[in-house]
């Protein structure tokens, strides 16, 4: 959270003759960060980022305390001055003090409760300096009493509240958890319907305070107020947080209560409030101090070995310097030659718990910028490069194969999810989606790629894109299956183009793919234009033409060829080893052979026949051409194969080649009823 | 014999000069000088003639060979030089093969991995839907801890598992920390985890899905100075040696001390402008691994220390390239993608 700190206000407590900009720079390096320095009139305003653990620094005085420690450590003369009135004795100024009857039903809700009544109050505008300071941090000045409560919160970080004493029925207060559905009209005029368990105060039949968040309108200070209850507490941070979450409503006070309050700072804050009330409205103390403490704060001492400190910092800091730094931060320090013992100040008790926390305090004030910078040494871990290094290489290769990489959201809309026809029991669904646009973890990347093509098809033709991403399939009782997929979509390409690309991909992956008839359930591809891809016995992917349902859903022009390949499985499988084969010494005889086959005769079978019949002379069979034509006949195709006849001891003779060729032709006509084209 | 040689030479010349294409020329050459070529056959006869005539015939053969070869070469050059010469406009566009494009995120990942692998870090991968235990609890963030509010977390509809808790979409890459400790069982650890992360927020600088990279380094005697050294090395390589790096105190539950890492602004070079905070831009968080996190990963915090850092890749890209709205990265407009 950020707070705004006027530098002129800061200088009330920080006596250091040094420029605002220097203070800002040094604070940023060693304490809360000054994100911006804003010039406002003749003053500067610091915009300070305070981390949630540093409840002690959510105030002007807290920042002054930090700055004093940091400046002093940088050898800049500096002194910390406490606000006036912190130790003001809280004794009634009159003989027959007023009373307020306080009952707390559950002390866990309120670790410390203090209040005091002042009377003789005259409501008027605050002095100019208070108005100016409040306004410079964005709080509207209201009147001298209400302004004091805001002023104290900004100054000391302790939120406080003020009631009109005369408006509290029977001068009775019961602090209790709220019941579900109870209502209170808060100071902003809004009616809050409360969840169960918010902390509230009831006088007699009425809620008068939504504790820690905002006071009730019915007991607020008005122009006619004469007697004021000054009210300073600590509340259970978790309860305040839960209430704010339930109400979706948070105030500056609540934010501070959520982070935790310095229990020892409560009475000084009340004293300071009384002091200021006396100053600005001539008020008199009209009651005894009410101080109900449920938790006795215990002193906490932390020991830190100097050796450990050195091992963390990579440099040795003298005991004197260490002691001085901790002392400036409010720690009471004792040292032996090996160990520092530090008593944690009450305002740091929630934050500083272990010796590593002490190390942080010493190191940051000493200055991270003063520490050396060294690359670590030591052994490099065992275990080789993971598969992911291969993914980067694969992506680069695809780029050089003219594909463009996209990265789309892994969370998809319900409609897209349904398009994938994934079974409900396999769905990985978000319990708290941001919008319906992002509701399911996608079971396939292909729907997203189809969408990318749809969104770009008016800009460019024949889009060819890929994405590498995980997909998610529910796995009852365990984490979802999250395999890394390579998906490719290619507009206006046919099956053989995508198959060729997949073959290229496998050459890059150093695995040998087999394309088989698709046997599983398939909701993305055309039934007759899809193949499953195997490496060895493992199913590793699918490729084919996206079906009409997807084309229609996205209004895609033309057909889209696509594939999805499971890299997680592939990387588990062995790569093929490239081995040396001698380059043939004698030239080969190469000839083409054309024949007409039935259209459905598979090329794999034709080639297998050639190899069988032609062995061992035929070393290589390439498919040169396939074409279909009415002239050849219906359901027929002409296939031209290029055969390589080769021997290792000499060039094959014409006679040898003829014999083998005849065997092949014979096999063709016997097995496939094929007709040779001469 | 002399006559035969002369006859052969004349015949060869005529043949060679009649060849109209290179292939024919090669064929004729083989007919003369091949294994059973006419000239080769003549040379074979040399052994059967009287000794006294040998030098003269040999010389004649040599001369004839030279002459035929010269004719062959001339003809060869003649046929070769037949390609007509054209005017070439070297400023006309070349005929390129089409290249594709890598997404900016991948390019950044590639650079980051290359830099850290030189320091012995290896790239690992962990679930993106993970247990609450790895995403929060083992990282010193117990249930209901307010620190969790900083991570606007998506949950998955599924039954929680004892000890591991609910399933979440990892809001950061730090879920890899304890997983890596469990995997290796014993330091040294030098892990780099790059993954998609998810948070419930969207605006100019946030998308519900984004990428983080996480470094984890655990060994004996690892110091803040080592963390500084490592991050200085990275920022100098990634952003260039002119950009400076600094650590500021920060707060994360899983590191102690914790830092925010800044680099000097690339726009104003550190003097302060509207794109930065007083000359600095935040890169991300870092810190010394909290002893409780080491304990959660079964590593003895009295023996080992370490550091970790986790930064958004989109942010580093924005800092480096000046892309203001990171949502552009995921709109997949082909005109954007093809720029890189």
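Including glycine, each Cβ sits where the backbone N, Cα and C put it.
Site annotation (TrEMBL): Mg(2+) is bound by A:357, A:360, A:361, and the candidate from A:351, A:387 recorded at this site is A:351. In this view, residue A:360 (Mg(2+) binding site) is surrounded by 24 other Cβ atoms within 10 Å of its Cβ, with every protein chain counted. A 10 Å cutoff on Cβ-Cβ distances gives residue A:357 (Mg(2+) binding site) a total of 19 other Cβ atoms nearby, all chains included. A count of other CB atoms within 10 A of each Cβ picks out A:361 as the most crowded of the binding-site residues A:351, A:361. Filtering the binding-site residues A:351, A:357, A:360 for a Cβ under 8 angstroms from any Cβ of chain B leaves A:357, A:360, in order along the sequence. According to DSSP, the secondary structure content of the domain 'FDX-ACB' (A:584-677) in residues is 31 helix, 33 strand, 30 coil.
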